[in-house]
Each structure stands twice: as structure tokens, then as C-alpha cells.
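Have a look at the structure below, then the notes.
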Amino acid sequence: MTTNRTFTMIKPDAVANGHIGAILDHIVKAGFTIKAMKLTALTEKTAGEFYAVHKERPFYKDLVGFMSSGPIVAAILEKDNAVEDFRKVIGATDPKKADAGTIRQLFADSIEANAVHGSDSDENAQIEGNFFFSAFERV
Ligand code: RTP
Ligand code: MG
């Protein structure tokens, strides 16, 4: 099923570095509408559940530790072709490889502390949005 929504998190590094406002500004200027949003924090347990798809990857333990290290901003975004277009707006996983002007090139510290998450499919966008938001928390 094709949807026009994606899910994002502003990760602990970007929140700690004071980039919430600049990143939201970048997202809105790129044409996305915010349909749900909250400042919250993952625990090791909830971060582990969220990233369960990466359980077998060598970086899983570090990723779970990093994602539960401080507050995050979770949001559902709407735009035509949202998932694919948002991946372009955030740039490559490794900020050193991210195109100029992408969120990760502008705001990320490293391949792990890379400022933002973006869903990789319509199906995952829906699953991830449901992980953080109930029906009455969306507009
Ligand atoms: P995300 O899911 O957060 O939007 O990132 P992504 O699709 O660009 O990258 P993915 O392969 O899904 O990896 C998820 C997150 O794991 C961390 N990572 N660390 N140390 C490493 O080699 C490594 N590789 C990935 C990053 O925080 C990445 O965003
Ligand atoms: Mg991913």
C-alpha cells in the first residue's frame, strides 16, 4: 500500500546539540507537514524493540545504547512520496557520504550519531508511527 506519510526521529545527538528547531525548519521547508509530534525518550527496551530489525547487525548494541542515551523527538510527516523524498532530505547514513545540504550532512556527528531517522518503506512508516502515536495523537 502506498501512503503519503513517513516517520522520523530527531536522534539524541541532534537534540543534545540544540538542533531541534533547525531540523524541524529544514523538514517544513522541504514541503513536509507535521501530523504528529512529541519530545520523549526511548529506554534500552523500547529502543531494542524499535530497531529489532537490526538485531543481528554488529552495531545493534551500540545503536540501542545510543538511541536510549537522551531525549528524542518523534514525528509523523506528510507529503506526496513521503518515504522516498524524506530519505533524500536526510541523506546517506554516514554523514561523510551525505550530499551537501542534507540534514545529516548539516547536523550529524558520525555514522551512528546521525541526527535523524527516516522510515525505509511505507509499511515501516506505518509500523513506526504506530509505535509512538495513538490515533488521537495524529491530526
Ligand atoms: P535510520 O534507520 O536511523 O533512518 O538510518 P538508515 O536507514 O540510514 O541506516 P540503517 O542501516 O537502518 O541503520 C540504522 C542506524 O544504525 C546506526 N548505524 N551504525 N556503526 C555503524 O556502522 C552503523 N551503521 C548504522 C545509525 O544510527 C543508523 O542510522
Ligand atoms: Mg533504517
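For all residues, glycine too, the Cβ spot is worked out from N, Cα and C.
Because the structure is a prediction, the values reported are computed rather than measured.
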Item checked: ATP binding, same site as K11, F59, R87, T93, N114 - TrEMBL member from R104, R138 -> R104
Checklist line | Fewest other Cβ within 10 angstroms of its own Cβ, chosen from the recorded positions K11, R104, N114, H117 | finding: H117
Notebook entry, point to check: Which binding-site residues of K11, R87, R104 contact ligand 1 in the sense of C-beta under 6 Å?
Noted result: none
